[in-house]
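Shown next, in structure tokens, is the structure this report addresses.
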Amino acid sequence: MNSVVLNESLSQASLLVIFASMLVFTAAFLVSGWHLSKAASKKVKEVKASSALERVGLSLAVIATLVLAAGVIMRGIAAARVPWSNLYEYSITGALILMMIFLISIRVPEVRILATFVVGFVLLVLGTAVSLFYVEVQSLMPALQSFWLVIHVLVALTATAFFSIAAALSTAYLLKTANWVEKAKTKGVANFKRVMGIFPKKETLEQLAYRFNIVGFILWSFTLIAGAIWAERAWHRYWGWDTKEVWTFIIWTIYAGYLHANATRGWTGKRAVWLGLVGFAAVVFNFTIVNMFFKGLHVYSGL
Amino acid sequence: MSLPQRYDAPDIGLTGWSRWIWRQLTSMKTALILLLLLAAAAVPGSIYPQRSADPNGVAQFFDNNPELAPVLDFFQLFDVYGSIWFSAIYILLFTSLVGCVLPRTKVHYDALRQEPVKTPTTLSRMPAYQKSTTPKGLDPVQVGTQILRGRGYRVIKRGNSISAEKGYMRETGNLVFHLSLVGVLIAVGVGGGYSFSGQRVLAEGDTFVNNLAGFDSLSPGLFFNPETLTPLSVTLDKFEVDYDFTNKTNIGAPLDFRATVTRKTSSEDPGETSVIQVNAPLDEPGASLYLTGHGYAPEITVRDANGDISYSGATIFLPQDNNMTSIGIIKVPDNQPEQIGIVAFFYPTAAELSTGAYTSMFPGIVNPLISMNVYTGDLGLDSGQSLNVYALDTERLTQVAGRDAPTPGIVLELGQTKDLPNGLGTVTFDGIKRFASLDIAHNPGQFWVLLFSLLALAGVIVGLITPRRRVWVKSTASGFEVAALSKREDPRIEEVVRELTQEIKKGSK
Ligand code: HEM
């Protein structure tokens, strides 16, 4: 006879801790944004002061990530299993993994400037999670009690983290190279152009995005294979064009196209960067709309 | 060699044209566009229900959209992944792939056996370059050769310079990846042809025998031969479900399903007991058995007016909701004096609603109850047609007990016997068994699909992370020069040149 013990008060506490992490993330977001606006200043003194702001912003991000980690771990203990088996849990664990990968990546100095984008995105994810996706702790339905599923989801979330950072780099690239920014006809745009001016040069942004996307693509390929192995164990076939399988395939194929674009004359640069963002849009679509509204065998979003 | 032909367009001829088409088809741009087309073409299959994955959804779609559905069907939007247009895209893509990758394989094979290219005359034009003075008594070319060889470069000495190259694995990985994709496609196709999958519902005590008659339904692949079904019988001894009784937010959630079975491969085989769980199928040579569903099979006995048993046994009741309210159909053609049909509802934990109807409050058995509507008339079983055992066509029948009849529905607790109306006999609720739905399937290709997928994964990892670099060292009158070139963008290339320069200088000590 199997039984589980779900700890509801711990799960409530976990939610509070996650709210607390969101407060710190908000502070990190504001400070990083402030850093961006200061750094665009013409005055040398202010530009100097801004690098201190950058450090403060990143330190706040580290603290927020530690708090978030505590919240996620508490959720796992409360549910007596890994904390990634419904949409709410994917979101909080995914946000945590994204922050961890980002904070490791800032050893590459050019990545630091993305803090505002990444922390902003994490806030968006956490906000959506607690307001739209929240569910009480539940036991794992038998269909999900699989080692392959644990691996499959974890790797998918990690791949998504790499895709997200690449998307931030790509967005920066597009903002920097957009016609309306380069022409800078109004004063507001001119200020914005100065902000973009402190981002790495466009070749660097493009190359870094390419490298993050490569890692994401490799992890996503693994996700695809692990998913197929699990599907064979659970449903007797490794592939059945179930809705989520279809979207995993679509995302993989778009990113394969992106890699090709980077090696195809006439497609490198802006076009390839756009293609990478199309891939990321598919990732987000799959995570939200497909999970919530599309019918399929993967009916475990928990909503 | 074909240049003149190309300028002379009107005379380009059939071979010229086919060559032109082939060149277009195998270009990177075509591959890219076909990949994006494939991604786009996969989308509608996630929007509209597909016959392969969700046949009931398709039927429902036809009911709800009688006008639109046939149009969509004409464009094969309910069979996207087998449709002409989807197939056309991936067949073109793979043709392009083969046409692209085979020549590249030849080129790469030759490159592997050739020496690194000549040292360019002006090294300073290379993307990474450094010059340095030579410490006394040092031969930079010789030291450089040693260092680069130690790093896995292929090195060739040419006069006062060396030319070195590394990273052939990049192209190797890339080729392995693309060729493995062809392997995946073939394994999927051939494996699918020889595979089968079928369903069988077993109540506790029932036995599945692995032959055509043993399946409730079977979908064979194109080349499937029933003779190849391996001798096997599997008896469902016991089916257990653990429900959560303790956690408030989770009451009634299933925690585990276990089907205990005895498998035999021949009549002499004493049998062996195993447990099938969701995610843990029973793997036999030639067939695996997967647990895909479950429910209750109440045991019911009907005695007719003469007191003879006209129906008896465990009947599969299909679950309707999370609390396992289930519906079962009982057809008793041999009942005297009249045939009867029963639509029965089973509530594992029954509770009465204010309307007088029943509902189930918990999926486990706490307070089991059956309620029945009874019909008389010709059940149509003699016509020889195979009728759906899970449905009763009540249109031509007369309801004798139930909401639309003079006698209210029959309600039975476990162990109770009650009279049927109009002296038709009695009905008894003897006991409760469970049933398990099993998928029985085999796909001889899946091992190969996995193998080629892993090979592709390995190939793509090696291909994407190996940098391909050429490095040159040249001694000059005033010292030596180091330069490097990479096939693609390479963040470390300047570092490589800097490090190498340092080490060559150190080599003198
Ligand atoms: C099923 C179809 C295909 C898929 C999924 C696919 C996927 C990929 C991926 C993921 C890469 C990056 C891997 C690496 O660089 O090691 C790649 C690279 C490449 N692909 Fe494909 N490919 C496909 C078809 C084709 C076709 C039809 C061609 C030829 C026209 C082609 C030519 C190439 C080339 C030349 C590269 C190397 C690019 C570079 O230098 O980095 N591929 N492909």
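Backbone N, Cα and C define each Cβ position, glycine as well.
Residues or ranges marked as transmembrane segment by TrEMBL: A:12-36 (among others).
Within the chain carrying the transmembrane segment (A:56-78), a Cβ under 8 angstroms from the stretch's Cβ atoms is held by residues 6-8, 10-11, 13-15, 17-18, 20-22, 24-25, 27-28, 31-32, 34-35, 89, 92-93, 95-96, 99-100, 102-103, 106, 112, 115-116, 119, 126, 137, all 6 or more beyond its ends. Residues annotated as transmembrane segment in TrEMBL: A:56-78 (among others).
Per TrEMBL, the feature domain 'Cytochrome c assembly protein' maps to A:84-298.
For the transmembrane segment (A:90-106), the list of distant contacts is 18, 58, 61-62, 64-65, 68-69, 71-72, 75, 83-84, 112, 114-115, 118-119, 121-122, 125-126, 128-129, 133, 153, 157-158, 160-162, 164-165, 212, 287: same-chain residues at least six beyond its ends, Cβ to Cβ under 8 Å. Look at TrEMBL and you will find A:90-106 (among others) tagged as transmembrane segment.
If you look up TrEMBL, you'll see A:113-135 (among others) marked as transmembrane segment.
Taken from TrEMBL, the feature transmembrane segment covers A:147-175 (among others).
Positions annotated as transmembrane segment by TrEMBL: A:208-231 (among others).
Tertiary proximity for the transmembrane segment (A:246-261) is limited to same-chain residues at least six positions away from its ends with a CB under 8 Å from its CB atoms, namely 163, 213-214, 216-217, 220-221, 223-224, 227, 267-268, 271-272, 275-276, 278-279, 282-283, 285-286, 290. What TrEMBL records for A:246-261 (among others) is transmembrane segment.
Taken from TrEMBL, the feature transmembrane segment covers A:273-294 (among others).
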Q: Kindly state the mean pLDDT of the domain 'Cytochrome c assembly protein' (A:84-298) in the predicted structure.
A: 92
Q. If you count Cβ pairs under 8 Å, which stretch among A:113-135, A:208-231, A:273-294 touches the transmembrane segment (A:147-175) the most?
A. A:208-231
Q | Stretch of maximal Cβ-Cβ contact with the transmembrane segment (A:12-36) [cut-off: under 8 Å; candidates A:113-135, A:208-231, A:273-294] | A | A:113-135
